[in-house]
Each structure stands twice: as structure tokens, then as C-alpha cells.
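First up is the structure itself, then whatever we jot down about it.
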């Protein structure tokens, strides 16, 4: 008997789940790193990261351009996800002292040769941005919206330079941002004099610096920017041109501003979606439409099935000698193993592996463990979870294989462990070779490649075999009805029940459930924006599960009613076809939202989206397959069959 506390415990659990979802929607996260307190005068280490461009999607290391350098360039330790993202974090010549403003500090001077000028012009032309990090916070460029009441929007980093024309001249020139006005925001402790950094902003300027006398490194006195004369840089009226033989002097200002924002909330401004109202409206609209359709489909299916089962059982009770009709007619063939059943088992096992990875990753994200301060944490978590979910992949594939009366479980285990990853790895290797050919920092080094191969063959493959062994040792799944020895002939089908047509129709609804969220995900990936509203994503994922299951069950029911019992592969392809629409939508997004013009960048985009679409096919196909598998077993075990 349940104790009197049970309802309250249940209510508390439901309330906790809802609270987590709400927090997930509103950018809930754990800080991920311990806070660091800085006293006045403490040294602040500014680090530089990769140069990024939404036009080329090819990152480059900061020092691939001839910026001023420190005496020794030191690489920061990076996790697997950071390396795969192309991050290259290094120290910089910028030196800050906590809460000690500086004006017109000289970083260094360079004189451009032909190659350096060409490199700068190429990066400016491709709209590359410089990324920096201070106390694990990325550098941002604040942009005030036209609506003054709206919060400030932040863009990651600042442009290397810009293109423009002098007054009364038609020649286009290239100008470099060589003066940076930094603003460091800090939150001061009320009891102590210590402070924590909560913001790192920049306003870049292009200034043709001039100086008195001979150059004397950082002790040179500039006439264009003089702290003694209180002469600050406030505009770019006299910009620094980029050309061969031009002398460029790099300078910076640093200002410290006290902020009310606490350290634990310092990422909120970064994670604020610029179009959150549209996002809310779109998600709620999609949610209501899909839930309404799901309710209608469920109601129709339940009423129709209940009537069918009642009629069939009533006929058996009255022993009426009537010919069987509808889906009951194919009971002797419905569980006949399909063609290429081994391949189906492999794909189902791979789909289970993906499903497990996605669910666990999303739960970690909703609970706030995948902090934005832990760069590359999401990708690292997904890779490790994929590897360890190989246990369930092997179990699922061999369980299905044994039901099909298979005996060579080791072959199935090997195919499950190798086939899908090998396809992805081969495509990834080709794309990586293209990136390497462009000398981009996004190219994965040999050591990281070796680590990926080790995770695959050293951990994932053995776990797949362990899962397969356990799955094959369990008793085979028994069919609810016996299978005839001779296959029944399938009658000619109506045009709308043709496999190709029904499969293509089946993928529309699952895609419709996710395409709005897909826009935001693609924007975060390809336009270098933060995506951290996993509460929305979790709701969309639940909708995706429901729609994949229901549309597959409905079309499977119609197929069986028309006496076509070849449902195994069609159930997988029906919901899996949503991946086709995903790829078509990514093509539409490429031509309407991105400004990619280079061939290599376009190949990279479509290559990576092909990998994503393939993974989505495996995931949604497996959901649809298991829904149909459960459905057919349920209905055929509910009727009396001689």
C-alpha cells in the first residue's frame, strides 16, 4: 500500500522536472569553472583564439597574420571538442592590470611586405573576426539595437579590418583595426576589495598613428594618441591603410567598469537570443500544431483498431465462415524476415546508439552540466557518449538478428561497430584533407585523429561485442503468430500506397516538428552564435519522437490493411525520410542565409550537413521502426488466430 507521502513526493518530482525544463529554456547552466578573485593591480592574462569567418567557415590561428607577438608563444591545453572545433588558444602581448586603466598602450609595430599585405587584405575581404579570451570569457563587440529599450546584442570578436573609400576617390582601400578600446566589467565584493570579471568588450578603430622622433619600442610617444595630453582615439577619421611598405602601430586602451552582474550570471548576456520572441512564438506554434495532429491520429487509430479487433474476435466466437479481410489476412507473413535483414539489424543497432547518446546529452545539458565556459564540452560529451553507447548498439542489433533466426552474431556485431562510423570517418577524412589543404587551424591534427581511432577501436568496438554477446545469449523474441512456409502474394497496390510515395509522405511531419528549431541550430553552427536553450530543444525532441512513432504506425496500419506485409524496411524508411527534407532545408538555408562563395567552403558545408542528415536518418528511422515493431506485435497478439 502506498504511504500517505507518495502523492506529495510525486508532485515534488513533477515540479522538479518542470523547473528544470523552465530553467533549460531560460539558459540555465552551471558555471563549469571555479571563480577567480582579482585584487587591484593583479595581472590579467589575455589569450587569443582562432580567426573566424562566416563567409569561408575556415578558422585560422591568430598568429597566421603578422600581428604583434609576445616573446614566446604558448599554446593552451585544449580538450577534444576544442580541437575538433578548430580552436587554437595562445597567449598574447596584451597586458592588463586589474582596475588600472590604460590609455594608448603600444603593443608593437610592423612594416608590411607584399605577402603580409596580401594576407591581411584576404582576411579583411573574407570578413574575418579576431577572437580573444579573458578569464575564460570571450571578447565581444556590443551592438545597440535601433530599439533603445532592447538589450544590447553581442557579436563574437571584432573584424580584422574593413574596406572603404577616401572622400572624392573611387578606389577601394583596405584598412586594419589597429587600435582596440577594451572594456573589462567586474563585480566587486562588498566585504573585501577583491573583484571578479563579468564582461569583456571591445570597440575597434583604424588609426594611422604618428610619433615624434625615432621609434623607441613601447616608450615611443605618439602624437595621434597621447595619454599625457589626454588625447584619446574616438573615431577612425584618419584610418590605417593596408598595403605593401605601410607601417602599422598596434595600440590599445583599457577601461574598467563596475557591474551589478554577478559572476554566476555573467554568461546570460552572451546567451541571450536576439530573436527570443520569434523563437517562443514559433516553438509554441509548432508544439500546438503537432500535439493537435498527434491527438487526432491517436484517437483515430485507437477507435479504428478497437473496432477491428472487436470484429475479428467476434467472428471467431460466432465461428462465422467468412473470409478474413484487412490486416488479419496477412498474419502468416507479417513476421517473415525481410530481405537484407542483417543490414536492418545493423542500422537499428546504430540508431539505438544514437538515441542513447542524444537523450543522455540532452539531459546533461538541461541539468546545466554542459557549461558554455567549457568550450568544446558539448562535442566531447557527445563523442564519449557515442563510444559508450556501443554497448546498447550491439545488444539491440543481435537481439533483432536472433529473432530473424540468425546465428553469426559476431559478424553482425562487427558490422554494427564498423559500418556507420567508417562511412562518417571516411567522409570526415576527405573534408579534413580539404581543410588541411587550405592551411586552416580547423584541420584535425594527426594526434587527435589517432585519439578518435583509439576511441573507436579501443573502446567502442569492444563494447559493441560485449553488448552483442549479452543480447545473443538472451532467449529469442517470440512472434505472436506463426509464419507460413510459403509467402503470400501481395495484391496490386493503389498509387498512394506505393513504397516511394508513402515513404516520402511519412517524412514530412517529423521534419515539420523540428524545422523551426533547425533554423536556430544552423544559425548557431554556421554564423558563430551561441545556442544554449536546451529546454526548447528537449521539447522539440519529444515532439519528434511522438511524430516519428505515430506517422510510422498510421502508414504501417494502412499498408497492412491493403495486404502488404513488407513493413520492416518501410517502417524504418518512413520516418527516416525526414533526413531528406533536413538536407533539402540545409540547401535552402545555404543559398538564402549564408554568404559562402568559395568552392572549398561550400563543399565543407554540404559535407558536414550530409553527415548530420545521415545521422538524423539513422535516429528517426530507428524510432519509427521500434514504434511499428511494437504496434504490429500488439495488434496481432490481440486477435484470436487459428
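The backbone N, Cα and C atoms fix where each Cβ goes, and this holds for glycine too.
What TrEMBL records for this protein:
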type: SIGNAL; residues: 1-27; note: signal peptide
type: TRANSMEM; residues: 280-302; note: transmembrane segment
type: TRANSMEM; residues: 344-370; note: transmembrane segment
type: TRANSMEM; residues: 376-396; note: transmembrane segment
type: TRANSMEM; residues: 417-437; note: transmembrane segment
type: TRANSMEM; residues: 449-472; note: transmembrane segment
type: TRANSMEM; residues: 493-526; note: transmembrane segment
type: TRANSMEM; residues: 532-560; note: transmembrane segment
type: TRANSMEM; residues: 572-591; note: transmembrane segment
type: TRANSMEM; residues: 603-631; note: transmembrane segment
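Fewer than three CB pairs closer than 8 A are found between the transmembrane segment (493-526) and the transmembrane segment (449-472), and contact between the two stretches is not assigned (pairs 6 or more residues apart). Scored on C-beta pairs under 8 angstroms, the neighbour of the transmembrane segment (532-560) with the top count among 344-370, 376-396, 572-591, 603-631 is 603-631. Long-range neighbours of the transmembrane segment (603-631) within the same chain, counting only residues 6 or more positions beyond its ends whose Cβ lies under 8 Å from a Cβ of the stretch, are 57-58, 344, 347-348, 350-352, 354-355, 358, 420, 423-424, 427-428, 430-431, 434-435, 506-507, 510, 526, 544-545, 548-553, 556-557, 567-568, 571-580, 582-583, 586-587, 590, 594, 596.
Between the transmembrane segment (376-396) and the listed ranges 344-370, 449-472, 572-591, the one holding the most Cβ pairs under 8 Å is 449-472.
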